[in-house]
Structures are given as structure tokens and as C-alpha cells.
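Here's the structure, in C-alpha cells; my notes come after.
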């Protein structure tokens, strides 16, 4: 059973990613800082715009190139093995992110990173990799425990990112080879990716399908034995626990389609705000009044990863009170309020207050995936999750370029204006969830009416 755990791969890859993200950001800042000093131009604003423009191109290349390969890899994975959507992207990560080491050691042009991003995207990137991880976790869990299983994966992801970010700034500053800052950091990142590739190819084993089926059958039997009163209470508002109806009802099919569409729309709008927030914050903290260095950037990233821990605790606690839809709304409100505070951050302590308010913001996306998985066949998990991730990435990356330009345009006026826009998007993403709540409530009411009607029409035996 230990060999079926995907958690070691998730942890190793995220530590590698946190090392790489800090190393890339500081390398880009050093590169453009030297360029601006040599040109004798205004330093602060020009540096902000140069870094922002770099990440616009980098994110567009990284986000668009998986369109050519992600769905193909997902179809191959569903027909052969889920390991395809894990091993191939990790191999792409390993090869592409070695180029940061070459840029630091051999002083290659920073534009080389764009080529490595394209290669990373062609091998599936995070779009395929994370969809594969979610499909793996879904196949290895039952419906009643799926939301908890997926948030546990997110917790491992966050803990690894927290640990990696916490030490990445110190490694960048204090551990170097021949005064090349970031050499050891980039080497550690490459080593972690190498471990993940070898582990996923030679050690990781597919979950036992018979064991999973037996768990699902056991779960189904217990649901059938539950009383009608319990089933009716499950249909309460914000408590949409799954019911076990073996008969295929056309209204249920229509309801499932409505739920899937609403969840897709909500996930896309919400992740547009989250992705754009991450892009802008990376540049925002480098300028005055925060003016962070490598160590502070590492601490800031670690604070962001703490959200994975608090979101896990949120699911564990709130799942006893709410259903999946209630959890989603809780996460959206947490993010929207926190990013609203971020718009007015002028001191470091206020940044951490904003992060503290966002403590449940990562509940949303894994819970949305959990709901979607309950409305599709297990053999289609890979394709469905890849389509969702592709939609999120493509739209988020496309809009991210515009948001970065908006940030540049409002630097002199109000640098936190973008965060106000992201907060508004967060609140707007709640609307499809509310529609789903109403649809679920309506479906449950219809089932009650049909059940009462069939009971009243039954012959009376004397």
C-alpha cells in the first residue's frame, strides 16, 4: 500500500518548485538590475516593469504550450496508466529547469528561460501533472472520503512548499559556487526533480482496483441501510452529501450537467483571480514600500504555503457542519476578503495579516474537483481533470498578461488597484456555486415529491 502513495512525489516536486521559483525571481531581478544600472535609467519603476514583462512572456509560454500535449497525454493515461500524466511532466520539469542553473553558471541570456518554459509546456507542465495527481487520488479513494483525500494532497503540497520557501532565501544568499548566487539552490531543485522522476517510474504503483471497488461497495451498502430521514437531511442547504440512487433519472442527468458546468465556471473565475494575484504579488513585494530581499521573499512564500495547512484544517473542521458547496463558499470568501486587505498593504506586518485572512482560500479548488469527480465515470477522471486544468490555465494565463499591464499602468496612481479587481472576481465566483446550491435543493425537493406521490398511489393491504 505504501507504494501507491502519491504524496512523496507531490512533496518532492513542490520542494523543487519552491526552490526554483525563488531562484528564478531573484535571478531575474539581478539580471535586469544590472541592465538598468548600466543604462543609467530610473531604477525602481523600470525594474518593476522589466520583471513584470518577463513574467508576462514566461507565463504565456508556459500556460499555452500544454495545449498541444495535455489532452493527448490524458487520453493515453486513461487507456494505459495514470502514471503517464505524472512521469512525463516530471521529466519535462527536470530537463527544463536545469536551464536556470546554466543561466547562473555560464551567464546565458535570461531569454533562455523562455525556451525551457516552452519545453516544459510541451511535456504537459502543471496542467497535466496536477490533473494526473488528482486522478490518482480520486481512483484511490471513496466518494465520501474524496474531498478529505484531495485536501490531504493539497496539504502535503503546501507543507513541502512551506519548507522549501522557508530555506530557499537563505540558500540563495549564503550558499554559492564562485560567487554565482543561486547555484546551490538551482542544483537542489534539479536534484529533487530527479528523485521524483525515479520514484514515479520505478517505485510508484497503481492503486489496487479490487480493493478500491470493495471499499466503494461497502460504502454503498451502508448508504442503502441508512434511513430516509438521514437522506432527506443530507439534501439540506449547503450540505449536499451524495445519495445512492441506482435508477438513472433524466432529471438527475440534467442536474449533474448543470452542476459540472457551474463548477467549471466557478473554478475558472476563481483561479483567474488566484493566478493573477500570485503573479502581481511576486513583483509587488520587490518594490517600495516593502522592498523585500531574497530572505523576505522566502518568508512571504512560506506564509502563502501556510494556507495549505489551514485549509486542510478548515476542511477537517467545517466538513462536519457543511457539505462540499459550503466549503467552497467559505474558501472563496476567505480569499476575497484577504486580497481586499492586500490592496492596502504598506507594511510587512499588514501583508501577513492579509495572508492570515486568506487562511481558507485553498479549500475551493480541490473541493470543486471532488464534486466534479462524483458526477463523472472513474475511467474519465484523467480527461475531465485535464480539461478543467487546461481551461483554468489558458484563461488565467491569457488574463494574467492584461492584469500585469494593469498593474504597470496603476503603479504611480495606486499599486494595490489590481488586488481590488481580484477581490471582486473572487466574490463573483460565488454566484455559480449559489446556483448549484439552489439546483441541488430543487432536485432534492423533486425527489421528495416523487417519493411521496408513489407512496400515496400504492394499494392499501387490509
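Glycine residues also receive a Cβ, built from the backbone N, Cα and C atoms like all the rest.
Where the annotation comes from TrEMBL, it is an automatic prediction and has not been curated.
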As TrEMBL has it, transmembrane segment corresponds, among 238-257, 258-277, to residues 258-277
Which range of 184-204, 205-225 is transmembrane segment, per TrEMBL: 184-204
Counting CB pairs under 8 Å, which listed stretch among 86-106, 112-139, 297-318, 325-345, 413-437 touches the transmembrane segment (351-372) the most? 325-345
Annotated stretches the transmembrane segment (413-437) and the transmembrane segment (184-204) touching (3 or more Cβ pairs under 8 Å): no
